[in-house]
Structures are given as C-alpha cells and as structure tokens.
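S.K.: Attaching a single structure in structure tokens format; questions to follow.
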Amino acid sequence: MAPGVVYTVVGKPSPRELEDLCDEIDAVNAYQAKERDIYQLPQFDQDKDKSQFRRYNEARDRVKEFYLEQHTKQTVAFNLKARNEFRSKLLYFFGAEGQWDVVGDTFPVGCAFDDRIIYGSESFEKNEDYGHEIYGTKFGIYYPGIGLDNVMLSWGHDEYLYHVVKDQSTLPPEALAMIRYHSFYPWHAAGAYTELMNEHDKDMLAAVRAFNPYDLYSKSDDILNVEELKPYYLELIDEYFPQKVLDW
C-alpha cells in the first residue's frame, strides 16, 4: 500500500458531504451487484433510470480512499470503545471520529479480514489487528457456527441502530437482520464468513438478500409529502414500537 494514501477528514465534513459519500458508496455497491448478477431485481428497478447513480468510475477513487481509512481504523479496540459510547449516524457531529465510523460496508472484527471485503484484505495492512496472533487468525475470538449474533461487526450507523431497536421494538428477526446486515456485503453478496453462521443465519441471509435491491435502487431525491406519509408510518410505529419513546 502506498504511504499517505489513507484519506483523512480535516475538520467535520458537512451533512451534504456525508450524503454525497453515501451516494458514491451506493453507486459502487450497485455496480458490483450488477456485475455479480446476484439479485433478482424487483420490477421498480427494471423501470428505474440508473443514470441517477454516479458512474462507478467516477465514484471509486474517493470511495477507495474512504475504505482505506475505514479498514485502518476499525480495530477490536475501537469497536469495544464505540459500543461502550454508543455512537450513531444521528450523533455524527457530536461524537463520531469521521465518516469511516458512520457509513460504509461492514465486516467482522476480531478475526482475519477476508479478501472478499471490498478492496481486499491487503487494504487492512495498516490496521493494528492485521496479522495479530489472535485477531489475525481465521476464526480469531470466534469459533465455527458461533452465529452472527455473537460476532462483532465494524461500527457504524447499521450496528448502532440494530443495538437501539433490538430490545426496544417488536420487529421480527428478519427486519433486525435487514437493519444489521444490509451493508455486510462480504457476507450476503460475496459468500464470506459463512463458517461463522448457524441455522438461524441461513434464514436471515435469504431475508437480507431479498431486501438489498430495495436498499440499492429505491432511493430518490424527490421531495415527499410528509403529511400524506405520516399516518402510514405512525401506524407502523404503533405496531412495532409500543413504548413510543426510545432510549438512543
């Protein structure tokens, strides 16, 4: 890896910069999904103009710099600290250290970094856990069939929201899996880390794969009518969040 290639955030990027990076990450993931042809795309996708997504070649350089920083800094030590402090996408400007601990694809920490993670295992060479006598081994602190519920995934808004709602909602297991794993592309798109799965995870994998095209292709910059949509979402809140006020 060339020295000095890791992207460093100077100050706090604006919300628009964070949103732009999210769009570019989506563009890269959409391109890779199309190349792999792993999803049976829903009908709305067949009619959707893909030009609204940035071209893969235009996005990939900035996205690569982002991932090199993320892959360097997402360590076991950081993830234990993050879980204690419970950072979030919502709290980006109050506690998160940069974009790398808010957005991006997720992956396990505490075991060897699989080469099927975006940009490969070599992108982790500056991570202090890379080649570690325990964390650098295939199973690390885990064991075969441990179940993904017991695996520590890299910290970001997916992991944060999952930990917030798993004990404060009546969401079914499939919905919780969609929240936690939709950015876990090495697993649901590339087939990595299957040796850590248990029987429950096999069912969840099917749900996450069914959800993923909607995550990639259903986004729009159109301004929505809040008053029109509010009754629908309030009904869902009543059904799945009966205590109404959540501990964030």
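Each Cβ is built from the backbone N, Cα and C atoms, and glycine gets one as well.
Any TrEMBL annotation is an automated prediction that lacks curation.
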S.K.: Can you pick which of Asp129, Asp215, Asp222 TrEMBL lists for the same Fe cation site as His157, His182?
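M.R.: Among the candidates, TrEMBL records only Asp215 at this Fe cation site.
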S.K.: Note the Cβ centroid of His157, His182, Asp215, the recorded Fe cation site, then list each other residue of that chain whose Cβ lies within 8 Å of it, in sequence.
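M.R.: Checked against the 8 Å cutoff, the neighbours are Asp158, Met178, Ile179, Ser183.
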S.K.: Taking His157, His182 as the binding-site residues to compare, which has the smallest set of other Cβ atoms within 10 Å?
M.R.: His182
S.K.: Among all protein chains shown, how many Cβ atoms are found within 10 Å of the Cβ of Asp215 (Fe cation binding site), not counting that one?
M.R.: 15
